[in-house]
Amino acid sequence: MSRIFRFFIAIALVSGVLLYAISSLNSEQGYSGENTLTIYNWGDYIDADLINRFEKETGMKVIYETFDSNEAMMTKIKQGGTHYDIAIPSEYMIDKMRKEKLLVQLDHSKLPNLKYIDKRFMDLPFDPKNHFSVPYFWGTVGITYNPKMLNGKEIDSWSDLWDPELKNQILLVDGAREVIGMGLNSLGYSLNDTDKGHLLEAKNKLDSLTPNVKAIVGDEIRLLLENQEAAVGLVWSGVASEIMAENEDLEYVVPKEGSNLWFDNMVIPKTAKNVDGAHQFINYMLDPKIAAQNTEYVSYSTPNKAALQYLPKEMVEDERFYPSSELTEKLEVYENLGKENLAYYNELFLQFKMHRK
Amino acid sequence: MENKLTRSLYAVPYLLWIILFVVAPILLVLYYSFFNIEGQLSLSNYEKFFTPVYLKMIFSSFWYAFLITAISLAVAYPAAYLLTKTTHKQLWLLLIITPSWINLLLKAYAFLGIFGTYGAANNFLEMVGIGSKQILFTDFSFVFVSVYIFIPFMILPIFNSLNDLNPTLLDAANDLGASRWTTFRRVIFPLTIDGVKSGCQVVFIPALSLFMLTRLIAGNRVITLGTAIEQHFLVTEDWGMGSMISVFLMITMVLIMMLTGSRKRGA
């Protein structure tokens, strides 16, 4: 008994000492009060060198945390346990957070560098007049494929995927909006269509794709495509550029019927303690040279028009990742369709998954 | 009197635990299951559950859970029996249990590599002249990996009950002229049935609500109730429907426990 008791005392003592050490270390390094900036971002989605530089320039301490889904991020911000000063959600989530009053309105006078952002990417329906968010990166949804595995066959439209030659060769990403959206686009409907008849039609069209679909997977899709597990994949452009860097045989195409245009924007959540520092950080990231360096690291498409001149030519002129404005005209941004419609999308997606060959 | 007081004091942590982490969550799940996606009180989730989509899902969940349990049992019983006959039983048992210490996700990812088009399994098939086949994202790979994951949980209770078997009973059966098969059927199996039952419970119930493997190994070609719960909670944010399916699973589990639970043997 006394041995167990002593054991517990020892554990309590060790924890106490460690706690004290952490708090004294934190205050020594300035990790307290107004002088810190907590950033909440997707994993591996910023050049860490830029954070160091920001710390040096401003004397602020940056705490960097990551999330892997918009939903998880929103849940954590709603609970408000951590005081995130900056978060980088995707567009539909910004609309949702804006409506649930989870965001702080931006003070544009503190963001002079906002002028460098391409006008195409400003004032979009999910955040009119950019009251709450500033574009960070953007991209498309499209098809990545391996011409070598397909004997040189080229793909440039959604309907090409229905070719019987592609039997068991397609990997789809596990997202209801992406997959149902593909069905809608291939029928010429809008990605934000909420007409039940149209959606059902899209689902039936997708059912007929089943023999070609090898699997519907999550993040593993990168690994699987890289390893040539399948020749074709429905992916986001960011994923495509990453795997194309690993496997040079792969190609990426934005289907000509149209597709999705997505954004990840910087916002200041209501949990922010250091609103001023957050503005400073956003403005810093909008600086053309900084944005260019970040783009080279992350390799997604930057919305910063002035940054393009600092980027390698072959990167900027790559129509696959910087599509012409004629093509972007045809692309649609996801609108927040509301819970009920989203539930219907998911219901149909579930039915599509259950459809057997 | 004081003794009684201290005894009830000892019960406090246990009661707190049960109330906070068992009773309260179950009640919450039950409560949520009566709300539709708009947040209104309704029975719509229960109505929706009995539509063909979900009935088909229930059927496939049960079918796969049954397959997984049956195959695990078929492998585990002989294995456990052999284990009790070896000299270093505990060591062998340890070797079989060790894989269950490794994280499930890691094991699943390993199978992505092994079963892939250019993976070890296909290299082997190629070598023996069968030629490469699609293994990943099939029913076979799903059942195989699930069985691999659940087998230690099946072996353990069966091993324990076999190990507790009094060897003199087998001698007696032998003396009385029972053949080996009769001895197994009439003596060994009935005496270890409790181990088999608890092994089946431990495998069948989690197998009903598997969700991660359905995506990683079966590529979402197998949809179980667990997948649906995950989707309702994480993507759709339809907590009501997710809770409803959980309620269904809990009721099923209680029923299974009641049906297979060991009744007191007497009269």
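Glycine residues also receive a Cβ, built from the backbone N, Cα and C atoms like all the rest.
Copied from TrEMBL, the annotated features are:
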- B:12-34: transmembrane segment (TRANSMEM)
- B:54-79: transmembrane segment (TRANSMEM)
- B:58-260: domain 'ABC transmembrane type-1' (DOMAIN)
- B:91-115: transmembrane segment (TRANSMEM)
- B:135-159: transmembrane segment (TRANSMEM)
- B:202-219: transmembrane segment (TRANSMEM)
- B:239-259: transmembrane segment (TRANSMEM)
Which stretch from B:54-79, B:91-115, B:135-159, B:202-219, B:239-259 shares the most C-beta pairs under 8 Å with the transmembrane segment (B:12-34)?
B:239-259
Same chain, outside the transmembrane segment (B:54-79) by at least 6, Cβ under 8 Å from its Cβ: which residues?
48, 96, 142-143, 146-147, 150-151, 154-155, 158, 196, 199-200, 203-204, 207-210, 222-226, 228, 245, 248
Tertiary contacts of the transmembrane segment (B:91-115), as residues 6+ beyond its ends and Cβ separation under 8 Å:
79, 83, 121-122, 135-136, 141, 145, 148-149, 151-153, 155-156, 159, 212-213, 216-217
